[in-house]
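Annotation source Swiss-Prot lists region 'Disordered' at 1-133, 146-321, 766-840. Per Swiss-Prot, compositional bias 'Basic and acidic residues' is recorded for 51-66, 146-191, 238-249, 786-822. The compositional bias 'Acidic residues' feature in Swiss-Prot is assigned to 105-127, 193-223, 250-266, 285-294. What Swiss-Prot lists as ATP binding site is Ala363, Val364, Thr365, Gly366, Ser367, Gly368, Lys369, Thr370, and the listing cites sequence analysis. Residues annotated as motif 'DEAD box' in Swiss-Prot: 472-475. The domain 'Helicase C-terminal' feature in Swiss-Prot is assigned to 554-733. The compositional bias 'Basic residues' annotation in Swiss-Prot covers 824-840.
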Amino acid sequence: MAGKRKARDEEFIFTLSDEETPYINGGDFDEEDDDVAPSINKSKNTKTLKSRVEPSSKKRRNEESTTGHQNKKLKQQEQGQQKGLKGKRAIANGWDAENDSNGSGEDEEEEEDEEGEEGLLDSDFEFDIGGATNIGLVEEFDGWGAEDRDKQGNMGEAKKGVDLDEILCRRRQKKLESQEKKTREAAKSNVDDSFEGLSDDDGHNEDENEDNEMPNFDDDELLAPDAFGMGAEGESDEQGKANADKGSDDESMPDANGADEEDASDSDSVASPVAHPDDLRSDESSDSEEEDPEEVAKRNAFFAPEENPTKSEETSSNSTFQNFNLSRPILRGLAAVGFSAPTPIQRKAIPVGLLGKDLVGGAVTGSGKTAAFIIPILERLLYRPRKVPTSRVAILMPTRELAVQCYNVATKLATYTDITFCQLVGGFSLREQENVLKQRPDVIIATPGRFIDHMRNSASFTVDTLEILVLDEADRMLEDGFADELNEILNTIPKSRQTMLFSATMTDSVDKLIRVGLNRPVRLMVDSKKHTVGTLVQEFVRLRPGREGKRMGYLVLLCNTIYTNRVIVFFRQKKEAHRARIIFGLLGLKAAELHGSMSQEQRINAVEAFRDGKVPFLLATDLASRGLDIKGVESVINYEAPQSHEIYLHRVGRTARAGRSGRACTIAAEPDRKVVKAAVKAGRAQGAKIVSRVVDPAVADEWASKVEEMQAEIEDILKEEKEEKQLAQAEMQVKRGQNLIKHGSEIMARPKRTWFETEREKREAKKRALSELNGPDSVIKKEKRKLSGKEKKKLDDNRLREEGKIWKKGKKERESKGDMRSQGKGKAKKDKVKAKKAAR
């Protein structure tokens, strides 16, 4: 009996019943989970398995462990003898093995003591909701990860730009050396002079230090509403604003609901208020924005009828992504990025996108529009035929940074699928992009220019198989700057496709949308196109007439005292952003610039430096105003108001994203009145918080004077930078010549790259794009001609306002001066007569 029982024990095989199966990732492993299984904590599972083993099996396991240790001891001794080791060393190995066996026995005894606590929950146990632990949850994901950046490929055509920080560092070092030299010379002169006491210069320096102390803006939130742009609701507000403009030039703003008491008194003879021309224009534009019945009829005929779900359906049915019946790899990708619940635009757009319908979507900035079109695209691509790789989706973006960001978000969401991506962006290597296109990626994310370049010049790129077209920031893509390129793409790709358009300021013009080739699109407008986020505070700093030249002083003051961290400053022109970058560097403020004159490597490095917190300020043009999603942007400053209210909405939308709070400050002068009034009117209609920030003009003048003193140094830096650029270009030309000599035949054998426009048409398109961003005045070149009397008087008046009031001669001074001249002439004649007589 004992022999049979022993044989049965040896033949016994451990099995786990259904009840004993450990709960891993919500259930049994599927084929899709094979790559996740190894990452599970094995120690806890083995511990639970040991607690479920029968006592008879434990005895057999102890016997096996002892025999195993004895065999191990014999093997070690044999190995030691074969290698010619000494006997002592072999015995020592045996003792180690025995000690190990004793230790293992003690561990097993401890495990037997723990068997009584089967029902207790392990203190180290953590619930894994959705398998986020095993798939690597990314917190605060914003599409600018370093891992994805490494996979994007080398920038084969990257140009090494001039390092402005190096120039500023050299100049700072020279200045420090000169100051040290002066101090040493001054110390020597003080040693030579046996003068004791306090010098006048020292006292003067102390006074200057006291004057230069910055005020403390403790009450910066207790702000008064401004008459500038604040009177956007009625005629009484307009009158109050007109009366406020006639007041003193003090920077404090009167109340927008009425004028000062002195101006409002009936006894004073006050002229009838006259509206500002910009206010009249803005009123006309607001009237024109009212819906035209003909346009409404066109819209109703063009768009598909909207389905209005009930509130209960909106709240209950689509509260989570699981309710959209998405595939498991997509849900795992959403969990990895940290998306838990869909936003309003995602709740509306995902079901329509899954049905394959054309749609036009609009929502406020930071509401998740990118995921709203990527999620249905990925879900549809999971059911594609896989025998022949084919490019099926094209996503077009207006800027390179936005395309790179969308590429990173899409690849992260598709981590657990076999969907392939490619980004066609300027600044990256053409050859590497062509090699990727040869593999026929499923999704192509591109800017229009590079997309057309490959479409015309790359033999490996075909657009005949495209099934889905997405235009992100569609209102910008439909403007004149991109009109020609977009028409070229739309005329080439197949007409039978799904088209999706998204933007925060989506246009309602049917004439523009017809160009895209939409087929009864579904219109999904979650928010009004003129609205901002509710968590955004909009602030305005007014510059009085004649103080426009002090604008940089106001900006430096705000960046030094109020907005000191995670700030994006927007400029209209590249040269202004670059000049501000130099001024910030000279004042010791760390900043990065972002505009179109920089190389692609410099642009990405600037965004990364700001994102990682290496620099607190990002000085950018409208290149960064659309779509750029950087976590933690606290404030946005408009150096001057943009050309239109739509551009203003995109600029201020870089902060207060995804439910966070933020502030937007605009430094506004008289030319900016129209945009400011439109922003205030839309904000008040929405119920947003709008305030006017009061800035001490004396302190702003001090900073402006500091900037004026640096003008000569700024010009020297610009000159040095220009010389370094010329040297770099000369080196590049030399390398180009060397390559032509070495590989001339190969280079000449390459087919010439073609474009659908001539150089003249390119220049015209560029002018149209500039006029869209900065207005028609930015394109018109002023001809050199003689100024008329009115123009001279206008220039003189502007100069007098900037310089301030100066003394002028009156009638008495002119008359007295004339008398003195006549007296002087008579005296001179008498002196001449006397001299002649004396000579005779």
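Just so you know, glycine gets a Cβ as well, placed from its N, Cα and C.
Thr370 (ATP binding site) carries a helical DSSP state (H, G or I). A Cβ distance under 8 Å defines the sequence-distant neighbours of the motif 'DEAD box' (472-475), meaning residues of its chain 6+ beyond its ends; these are 360, 369-370, 373, 395-398, 402, 406, 501-503, 505-507, 516, 626-627, 646. Residue counts for the motif 'DEAD box' (472-475) under DSSP (helix as H, G, I; strand as E, B; rest coil) come to 2 helix, 1 strand, 1 coil. The ATP site, placed at the center of the C-beta atoms of Ala363, Val364, Thr365, Gly366, Ser367, Gly368, Lys369, Thr370, has further neighbours from the same chain whose C-beta lies within 8 angstroms: Thr343, Ile345, Ala504, Arg657. All protein chains considered, the CB of Thr370 (ATP binding site) has 23 other CB atoms within 10 Å. The binding-site residues examined here are Thr365, Ser367; by Cβ neighbour count within 10 Å, the least packed of them is Ser367.
Considering other CB atoms within 10 Å as the measure, the emptiest surroundings among the binding-site residues Gly366, Gly368 are those of Gly368.
Sequence-distant neighbours of Val364 (ATP binding site) (same chain, 6+ residues apart, CB-CB distance under 8 A): Ala504, Val526, Asp527, His531, Thr532, Val533, Gly653. Within the same chain, residues at least six positions away from Ala363 (ATP binding site) with a Cβ under 8 Å of its Cβ are Thr343, Pro344, Ile345, Lys369, Ala504, Met525, Val526, Asp527. Averaged over the domain 'Helicase C-terminal' (554-733), the predicted model has a pLDDT of 92. Just so you know, the Cβ of Lys369 (ATP binding site) picks up 25 other Cβ atoms within 10 Å once every protein chain is counted.
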